[in-house]
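Only one structure is covered here, and it is reproduced in the block below.
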Amino acid sequence: MLRACQLSGVTAAAQSCLCGKFVLRPLRPCRRYSTSGSSGLTTGKIAGAGLLFVGGGIGGTILYAKWDSHFRESVEKTIPYSDKLFEMVLGPAAYNVPLPKKSIQSGPLKISSVSEVMKESKQPASQLQKQKGDTPASATAPTEAAQIISAAGDTLSVPAPAVQPEESLKTDHPEIGEGKPTPALSEEASSSSIRERPPEEVAARLAQQEKQEQVKIESLAKSLEDALRQTASVTLQAIAAQNAAVQAVNAHSNILKAAMDNSEIAGEKKSAQWRTVEGALKERRKAVDEAADALLKAKEELEKMKSVIENAKKKEVAGAKPHITAAEGKLHNMIVDLDNVVKKVQAAQSEAKVVSQYHELVVQARDDFKRELDSITPEVLPGWKGMSVSDLADKLSTDDLNSLIAHAHRRIDQLNRELAEQKATEKQHITLALEKQKLEEKRAFDSAVAKALEHHRSEIQAEQDRKIEEVRDAMENEMRTQLRRQAAAHTDHLRDVLRVQEQELKSEFEQNLSEKLSEQELQFRRLSQEQVDNFTLDINTAYARLRGIEQAVQSHAVAEEEARKAHQLWLSVEALKYSMKTSSAETPTIPLGSAVEAIKANCSDNEFTQALTAAIPPESLTRGVYSEETLRARFYAVQKLARRVAMIDETRNSLYQYFLSYLQSLLLFPPQQLKPPPELCPEDINTFKLLSYASYCIEHGDLELAAKFVNQLKGESRRVAQDWLKEARMTLETKQIVEILTAYASAVGIGTTQVQPE
């Protein structure tokens, strides 16, 4: 508030000093008591004070204009030649160029096309800033609003107005200076008209563009999804084939180890075992071949998927980045899974290769040993060769055995020497092998690290792309919000201008029209007013009579209808009462369904009656209720049984307790009837007193109070009286509903009889 007051004061001072409206008036003619010297001194003081005030106002205006650019704009628009004063003192305004003044015309508004708006909106912010800095201010000032509004063209559904002077696009004129619009430009800008597109057209174009982009995004997402589905299917098949190959290689290795370990098995079993090994080898080769084929297919599909993703990136469809990022993540996961399975297959094949080499060495050693035996014992029968030593122990002679033992000693010595040499040689081989293994492991480790780094880099790149996309979306939303606000402000300004112009034109037209029509209207009113008054009076009189007749007839018909319904309801309720009271020894209860249906049929449009009839217990409708006489007769039997089991609580005590309770009922003689007190004490709440109170109430016709006393019973006495209490409750509920219906029917009947005389 203080700032507004200061602003208004400074503005007024600036207007007074710059426009020349502040006039120093001479003082009133004073009396001639003062000398001429004092008069000159007073005039000088006034002039000095005026100059000081004017200078202070100008200085304050300049200082405030330097601090607030909006105030400078308003002063430059309001006070002529103030812009030159500000430019001399403060310099040119930064990013603040006054729009050329032009008269508001009633012609259509001009607006830049959607294609121009979209082209300008797609420029990056850096280019826009560069264009703003390089282009002269007089050329960028008219198009600045169009650039601001065009950037929000994707989301706005309102027209994007913009002023497009013809000469504003010609930036090659050297006469146009920064911050100074030339007079020719101002005249041409003032003569150019403003055209505004209809909001429906702009909204339709934007909706069509959004629809096309959405269709492109959907088609791209569908193609990526189909390619991912196909690649995932082939990759899963390849992974399954690799797992099957691992299982086949491991099975063959296990069977081969078992065959080599069990060397003491008989011939037929051994041959069967080796046939099993051959079958496992065939299965292994088949599984490995299938795994290799599946791996090649999977690699081809992965390469195809990579090409599909690259093509999707090259299309540069707006909004498709999340789909591409998700597809890249899934592709990366498939590649990692496939690499892991391939590593498992390679490890299994390495282990199987070691087992195969071990088997070849064992077979070679056995063959060498057989050849040595053949050379040592040539006289041994051919049929004995190949048999075990235990089988040949009884068939060989002493010389043969001695020669075999001597050969065995020589062979052992030879093998010991070879073993020592082999140990020395193998130490060197092991050292070389360890170094070679270290190099191989280092290379494998380097390759694994490189591959892991590549996977990690791809994951980091995907995460970075996702974060960049999120930040870009947030910044675009913020930019669109700001641009939408500026566009809305510009649109509101144009709307206000058009509203003012419309009001001026409308007031002028209405004034002329009112002047021309006032005379004819007054004359026509004089002639028609009398006829209208007479006709209105006659119509009102006739209408009042007609309304009175209609109201009387309607009230009489309504009263008769209500009286008829009340009478029918009363008759139906009386029939229901009769059904409740009618009973015999053969039929103690009569179903009340027919009587209740009659009440519902007679009062089908009465919600109160329908609610009461719906509250009647269903068992009363189907079976009926016992009358009070029947309940009184049943009560005495229930009372007798309840007194017999008065000592039994809810836990149903032992048979001895039952006997004591029965004995108590025989020995005690409580009064059959006791008048219930106004308030029950804790001493009154026992089975005998409660039954005496209930008997008194039943004898005096108060079934409801008797049911309340019976409801206070506990233990076995309450269980004995449960059926009687249920029937009494049903009878009381039905009786209460019938009484309410009777009272309602009587009230409605009385109301209709009071309405009839009217």
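From the backbone N, Cα and C atoms, a Cβ is placed for every residue, glycine too.
The transit peptide feature in Swiss-Prot is assigned to 1-33; the stated evidence is a large-scale study or a structure entry. Here Swiss-Prot flags 34-45 as topological domain 'Mitochondrial matrix', drawing on sequence analysis. What Swiss-Prot records for 46-64 is transmembrane segment, and it gives sequence analysis as the kind of evidence. Look at Swiss-Prot and you will find S103, S112, S113, S223, S388, S390 tagged as phosphoserine. Look at Swiss-Prot and you will find 116-143, 162-200 tagged as region 'Disordered'. According to Swiss-Prot, the feature compositional bias 'Basic and acidic residues' maps to 167-178. Marked as N6-acetyllysine by Swiss-Prot: K211, K222, K451.
Feature map: annotations from Swiss-Prot on the structure.
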residue: K211; record: N6-acetyllysine; Cβ neighbours (10 Å): 10
residue: K222; record: N6-acetyllysine; Cβ neighbours (10 Å): 11
residue: S223; record: phosphoserine; Cβ neighbours (10 Å): 15
residue: K451; record: N6-acetyllysine; Cβ neighbours (10 Å): 13
**Request:** Would you report the average pLDDT that the model assigns to the topological domain 'Mitochondrial matrix' (34-45)?
**Result:** 51
**Asked** In whole Å, how far is K451 (N6-acetyllysine) from K222 (N6-acetyllysine) when you measure between their Cα atoms?
**Response** 31
